């Protein structure tokens, strides 16, 4: 067991800041400092154990070899992503045994910049052959690291941009460029016409300066990533915000910093050490985890990052299936600032960047605390090489307070149990923002999903003394535009079997009358959502609305269908843009909180397969729902798409790195078990630290 380390003061803060070296240069000086990627050769990967396991290095390298052997592949083409394909036959996966034949397949997305064409290639890894090679002229795949590096060179050589900086008395050597996707403004942004992104610029005053504090506003910069040509729109000159906003132990001591802490970091925080002398209670076998009657498999891919597969619970001497697969299918971040330099901002962070590629290598005692086990991940670079992402997924246990308790009033006899949960998490850095992705599994059968938002706001500059219309001031001449974060989680169900139905529950008062003479009665009214078209639903807080996934063919001990219910953990969020605007056209996944469909193997992403530069009207969950609107959802292979989010009204306390905001939902058993499944959790063993005991 690795011994926990305890650090405090300045040294601890320095070590934590060093845990995540930058992956992408924003200034030429940084290119030489990027660590070389850990390229994984053939023959060193652990063997694949299950059809839903992530791709290993051998499979990624095999895919690349097959691509390069194809007559259609040219050396200048960019390999954007290589992701695993699930077998279409779910019964094969659910009944898979260790000695069965593995069916393995991958999809490679390739960009031809000369022909302005995108290719989707299906590779049969079992047969070591290419099955299909599909050409697209009207889509754009996700942005890549290599393109951003090449774009940085093009930006620094562009004469109109240099002239715009000179007009502002800005030296290009002081400028950093940071990535932002283009959104979709008008037909010129159509993916059939060009491949673009719209970076922002800022001034870096020193090597470790937080350049977001010195935003260069008034410009819209567009880079064509096929030709590396640059367009500059110059709207106005805005003074550069003067204050620093550094957050390292030394930087916060500067009087010019916002915030300013003259004494540096706190010195009175006592060590907090979590130990499990016998090790954690979970077992990890490859990608499979066993913990407290839970059994599940952890997946990972370049696009979605962390996925959860084959979730089961051991009850009454049998494994009961719950979820076949669950993952974040898309993340949409629309901005509410209507000024010309910010109005284009709305990003599909999963489909436009690939959250797997942006996943952090996690650090002990910083990202994860306690008795930790990690899973590494393998991703690809633009040359198709397999790259090791160390410590991509963190697995540990947490004590989360009381699980249940009761004290008898007369005898004062008391029983109490502590609640422990299994945590499976990863953290992504998407440009300025960090997102912590957390799956929790509880001893009472509850599953919880949380996104923890932190990082740096994407700022704007404003003339000192003015107040932004749609943003919050954080420092002199600097504001954060108000924006929203929407997350869509696709959940493929197998609740006690593969034939499930979707039910809406609304709390409604009963009319006063003979059956309700005092007028206090109310019911939880259940309505089966019978078709895909009916299963487009919004929250209703007045009715306490929630949804249940049921299996009508399996009855519980009181002869009711077994069920799990889906509950929000945060207030409902709705798109605030004009739905007929360019931004509103891309809002479809957020117009309803819950969508229900039948399983279709080609439908995985709520924002569509290629959301980059998409207008929003040709792919994604709204299109799937309309296409299949007449399909029955009764006792079917059910998939739910749940959208939740948060309105980020920027406050000064969000600067320079915002404290964590948490959004998410819960899946709770609702008639799934015969009584509480947590009653058999053992009572805690009283233990007392020597010093504490001596004080009592």
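Cβ from N, Cα, C; glycine included.
Note: TrEMBL annotation is automatic and uncurated.
What TrEMBL lists as region 'Disordered' is 1-38.
The compositional bias 'Basic and acidic residues' annotation in TrEMBL covers 26-36.
TrEMBL lists 50-132 with the feature domain 'Copper amine oxidase N2-terminal'.
Annotation comment: TrEMBL describes 141-230 as domain 'Copper amine oxidase N3-terminal'.
Taken from TrEMBL, the feature domain 'Copper amine oxidase catalytic' covers 273-679.
Annotated active site, proton acceptor per TrEMBL: 349, in sequence order. Around residue 349 (active site, proton acceptor), the same-chain residues six or more apart in sequence whose CB sits under 8 Å from its CB are 330, 331, 332, 333, 355, 430, 435, listed in sequence order.
Around the Cβ of residue 433 (active site, schiff-base intermediate with substrate), a 10 Å sphere holds 21 further Cβ atoms from the protein chains shown. Annotation source TrEMBL lists active site, schiff-base intermediate with substrate at 433.
Per TrEMBL, 2',4',5'-topaquinone is recorded for 433.
Per DSSP, the secondary structure of the domain 'Copper amine oxidase N2-terminal' (50-132) breaks down as 18 helix, 28 strand, 37 coil.
Note on the domain 'Copper amine oxidase N3-terminal' (141-230): its mean pLDDT in the predicted model is 97.
Helix, strand and coil counts from DSSP across the domain 'Copper amine oxidase N3-terminal' (141-230) read 31 helix, 19 strand, 40 coil.
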